[in-house]
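Heads up, the thing below is written out as structure tokens.
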Number of protein chains: 2
Amino acid sequence: MKSKILKELKNADDYISGQQLCERLGVSRTAVWKHIKALRAEGYEIDSVTNKGYKLMMEPDLLTKEEVASCLHTKWLGKDLYCYETMDSTNLEIRRLAEAGASHGTVAITEEQTMGKGRRGRSWLAEAGAGIAMSFLLKPQIEAQNSSMLTLVTALAVNEAICETTGIRAKIKWPNDIIVNGKKICGILTEMSLQMDEINYIVVGLGINVNIDHFPEDLSDKATSLQIEGGRKIKRAPLAAKVLECFEKYYDMFLKTEDLSMLQDEYNKLLVHTDQKIKVVRGSKEEIFLSRGINHRGELLVEDEDGKVSEVSSGEVSVRGILGYV
Amino acid sequence: MKSKILKELKNADDYISGQQLCERLGVSRTAVWKHIKALRAEGYEIDSVTNKGYKLMMEPDLLTKEEVASCLHTKWLGKDLYCYETMDSTNLEIRRLAEAGASHGTVAITEEQTMGKGRRGRSWLAEAGAGIAMSFLLKPQIEAQNSSMLTLVTALAVNEAICETTGIRAKIKWPNDIIVNGKKICGILTEMSLQMDEINYIVVGLGINVNIDHFPEDLSDKATSLQIEGGRKIKRAPLAAKVLECFEKYYDMFLKTEDLSMLQDEYNKLLVHTDQKIKVVRGSKEEIFLSRGINHRGELLVEDEDGKVSEVSSGEVSVRGILGYV
């Protein structure tokens, strides 16, 4: 009910009367008042004027369930929504929830992440108030070998959500990083539980650097944040909700063909390094290729010196730009 | 301590004095007596004679922690051992334990399994006292694509454990069934949790039909038990412990090359249908081939009418014998 009242307050252009709130939500004046009081205690500034009603003057930047749910316009993703002040890792939490029977579309978000992980075990921490650490549970009826494409689907969703929410035009570094001005702003980590050849479930996790005003020296040429790039603080709950909304859209398009046929062109438009030299690292071996964008399976097409084009899949290689840091 | 006393009683050829037990295990006479009493309450018949000591006369057929641990001669597998009277599924339980941080080598065994699953979601239930439902947790440093071979490694281990414990010579139906006289006696189900391309953990689960004296009519031509085939009841704890012991041995050999190079010949000797016609089912398509045994990657080599040999992997096909039911 608290999140419903918050949603009404956010959607109202002006003051909304207590009576209207009661009628729309089917609760008593006392209940409305109780929830208004609770919202104020969480940091919401709500003006109340006799004969006019309530108006939301200022919202705190919180990733609470009320805040995220009040922005959420999805069909199925995030209907089960868990928001935490602190958590070891949202991917781990979704895996635990999955093992306890959680449904397709369950979402976990945390203000602070103490044991977050990126690819190859690199750490991806989140400080309270500064970022979005979010994971969601998928139980798709797809072939296991097609699941790695979901990382690319997520990259598209994050990119679009960032653009719509902040106006910042980010790029994608294949397969799973979102970058702005050559620096990383978001990482995506997909995990999967398999039974022989069949998918039990998939966990998609992502971390976005939002309101961080500077990075330590050793990171400042590799990482950036939406605040640094946009020059202003960004409300995180609407951004998190928009990522989920965009994911639903792109996921539907992925499911139609169980590949990236319908998303390949859009992904390639956002891809960095296209037609440029990249270094492909396979174990201890490094090779230089020209990057030629992804195919419909999400593999990166690379061209060697003799003009021969081959595919590399995200499992076997790591790719680095020759110039710059990404 | 109870399992240590049980182990001493089992290893003793004759009566063992209370004094000896105290000295070997470093506990008081009162403690020894307390544990003897507890063992008797569980169904162990322990004779005690003044001036001679204790002797184990009869052991109940239990899959308790004491019973399994007292038979276990492994280096790492089963050092963390969980035994349950009833459980939804030991694979699920190991997955839950894994998500809660359990170690490599953790084992879960249950007397009764209420939601057991075989491949492709087929149910695999276990009735209390009649079978072994056991799963274990592996956290290997191997390539994810090599993990499916662990199913074949497990088949070898179960086969050897059955032979050593009961004298029954079983066979293997590729990739993961143990059969006796053309009927299934054990199924193996491997599950895996992946982070992008890296293994979080692997769960190997198996179910063995042990002391079942008959099957319902619709199953009696497809399934059998060690009791039916051997004509006597089998103690389950030593068999479960032997499976773990054999698995350790074969797992070490697998790890040396990260494939089945060292195990391929042994596996092929046990394989049914070799040089016989089999039906390979790929989705809705069925084809007839001659089975030619596995290669070092655990793939089944099949020969078509023109003598052309190709490989099939367990993920993509299901194989049926042309004659008989397996």
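Every residue, even glycine, has its Cβ placed from backbone N, Cα and C.
The residues of the DNA-binding region (B:18-37), classed with DSSP into helix (H, G, I), strand (E, B) and coil, number 17 helix, 0 strand, 3 coil. The DNA-binding region annotation in TrEMBL covers B:18-37.
Residues or ranges marked as domain 'BPL/LPL catalytic' in TrEMBL: B:66-255.
Cβ neighbour count for B:GLN113 (biotin binding site): 30 (other Cβ atoms within 10 Å of its Cβ, all protein chains included). Feature annotation from TrEMBL assigns biotin binding site to B:SER89, B:THR90, B:ASN91, B:GLN113, B:LYS184.
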For biotin: widest Cα to Cα gap among B:SER89, B:THR90, B:ASN91, B:GLN113, B:LYS184 in Å: 20
Lowest local Cβ density (other Cβ within 10 Å) among binding-site residues: B:SER89, B:THR90, B:ASN91: B:SER89
Surrounding CB atoms that lie within 10 Å of the CB of B:LYS184 (biotin binding site), all protein chains: 20
PLDDT averaged over every residue in the domain 'BPL/LPL catalytic' (B:66-255): 91
